[in-house]
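Taken from Swiss-Prot, the feature region 'Zinc metallo-hydrolase' covers 30-210. According to Swiss-Prot, the Fe cation 1 binding site annotation covers H79, E81, H147, D166. What Swiss-Prot records for D83, D166, H227 is Fe cation 2 binding site. Annotation comment: Swiss-Prot describes 254-393 as domain 'Flavodoxin-like', evidence class sequence analysis. Residues annotated as FMN binding site in Swiss-Prot: 260-264, 342-369. Look at Swiss-Prot and you will find 423-474 tagged as domain 'Rubredoxin-like'. Sequence annotations record features per position, and here Swiss-Prot assigns Fe cation 3 binding site to C428, C431, C461, C464.
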Amino acid sequence: MSILVKNNIHWVGQRDWEVRDFHGTEYKTLRGSSYNSYLIREEKNVLIDTVDHKFSREFVQNLRSEIDLADIDYIIINHAEEDHAGALTELMAQIPDTPIYCTANAIDSINGHHHHPEWNFKVVKTGDTLDIGNGKQLIFVETPMLHWPDSMMTYMTGDAVLFSNDAFGQHYCDERLFNDEVDQTELFEQCQRYYANILTPFSRLVTPKITEILGFNLPVDMIATSHGVVWRDNPTQIVELYLKWAADYQEDRITIFYDTMSNNTRMMADAIAQGINEVDPNVAVKIFNVARSDKNEILTNVFRSKGVLVGTSTMNNVMMPKIAGLVEEMTGLRFRNKRASAFGSHGWSGGAVDRLSTRLQDAGFEMSLSLKAKWRPDLDALELCRQHGRDIARQWALAPLPETTQKTAPAEEITTCVAADLGPKMQCSVCQWIYDPAQGEPLQDVAPGTPWSDVPDNFLCPECSLGKDVFDVLATEAK
């Protein structure tokens, strides 16, 4: 099945609803993907890219239903990766002499994958053109390391369509092809996820390359990507976002992620987040347990954040393996303009937090002081965690924060509280958190002045998330 893109340009690609892993298992494609191939029929017939190798036979069969394969005059390969050029072997078996236009680096990559040096390769460079008839040309622009050395884009004059390769794409599968037809929230979430996890290491190249392309002074009516939607409605909006994301992007956001063996490091993470929120309630704080969270969502949040707090238990004197792996990925992504702090719990010996701090610094983060706790944090240790969060909130603030002062209740209010018999304070037997009836627990809609007997049965301890049955009367108040 083909879809009309514009005039004599048709999409002849392949949707992949089921794919959930990309680049091995390193990128989770939770919304599937598509492999976009385009057929141009002017006086010359041109095929731009193919599809993933697992769809090779299906792709060639579908293409044959659109055009006699022998009538294809040129094949353009913007990128040699297997999800772009994977069907070349199947296709070239039918039309072995058809010229393949690509960069010099692409020849090496294509031969490395397909092992056919006898194919009719034509090397192109930035500014080279190919006449396709009817007064139209293809103009080639090399884009090395966006995101492979062989990458290039192809611009079609007349119709003003930029075939942008991986740039401006997203792993997003939908029955509809164009950006104005799909769910906008989903689309832009996947665009940012794609940039954060794939293109971030090359951000320093994005702005000059976009500037170079704009320097050709060519109109762009559509951007036809290699994955996801074709941008036809205000196509330059995604270009503007790329320029923004490439400029050491950050939001007023802090990401906390951790791994834990006995919930101790999780308790620290929660307390740190509480401290941040006390001082700066406007900053967005997201907490992830790496053992239970989508790794690419965590990395996307790190990309969006001004800073990250990373927590780990100590195991065999080193950090937890999932934390080590994720920090290694952050090193490769080369995030810029971000701060970091390490924290974690240990038992008879430590080592993980110091090792983690060193790794984060090596990854390019500006480091703040780390925080350690021995065994399960008690009330004093949890208060130190909250104070650490307060300190971090002030150190990482994008603008000066107002000083907070402890509000003193009016005398008559104090008298009323003392006079009222609210019952004893209750202490969680697992994490030692204390419920004070005078303060309640506003985050769970338990108002100040609520005795324990009136607290709803679905109440959960804010520190360890266990229910009311693990609470006992505070020892100092037990009679």
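From the backbone N, Cα and C atoms, a Cβ is placed for every residue, glycine too.
Feature map: Swiss-Prot annotations on the structure.
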residue : record                   : DSSP (3 states)
H79     : Fe cation 1 binding site : coil
D166    : Fe cation 1 binding site : coil
H227    : Fe cation 2 binding site : coil
T260    : FMN binding site         : coil
A342    : FMN binding site         : strand
G347    : FMN binding site         : coil
A352    : FMN binding site         : helix
S357    : FMN binding site         : helix
M367    : FMN binding site         : strand
C464    : Fe cation 3 binding site : coil
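Here G347 (FMN binding site) is compared against the binding-site residues E81, D83, H147, C461, and the shortest C-alpha distance is to C461. In the three-state DSSP classification, C428 (Fe cation 3 binding site) falls within a strand. Considering only the binding-site residues T260, A352, D362, C428, C461, the residue whose Cα is spatially closest to the Cα of D166 (Fe cation 1 binding site) is D362. Just so you know, of the binding-site residues A352, M367, C428, C464, the Cβ with the fewest other Cβ atoms around it within 10 Å is the one at M367. C464 (Fe cation 3 binding site) and D362 (FMN binding site) are 33 Å apart (CA-CA, integer value). Counting only the Cα atoms, the space from C464 (Fe cation 3 binding site) to D83 (Fe cation 2 binding site) is about 45 angstrom. Taking the mean position of the Cβ atoms of D83, D166, H227 as the Fe cation 2 site, the remaining residues of that chain whose Cβ falls within 8 Å of it are S33, Y35, N36, H79, E81, H84, N165, G169, H171, T225, S226. For the binding-site residues given as A342, C461, the lowest number of other CB atoms within 10 Å of the residue's CB is seen at C461. When the Cα atoms are compared, S357 (FMN binding site) and D83 (Fe cation 2 binding site) turn out to be 37 Å apart. Checking the binding-site residues (D83, H147, H227, C428, C461) against A342 (FMN binding site) with a 10 Å Cα-Cα cut-off leaves nothing. Long-range neighbours of H147 (Fe cation 1 binding site) (same chain, six or more residues apart, CB within less than 8 Å of its CB): D166, I198, L199, P201, F202. Counting Cβ atoms from all protein chains shown, T260 (FMN binding site) has 21 others lying within 10 Å of its own Cβ.
With helix defined as DSSP H, G or I and strand as E or B, the domain 'Flavodoxin-like' (254-393) counts 65 helix, 36 strand, 39 coil. Here the C-alpha separation of A352 (FMN binding site) and H227 (Fe cation 2 binding site) works out to 40 Å.
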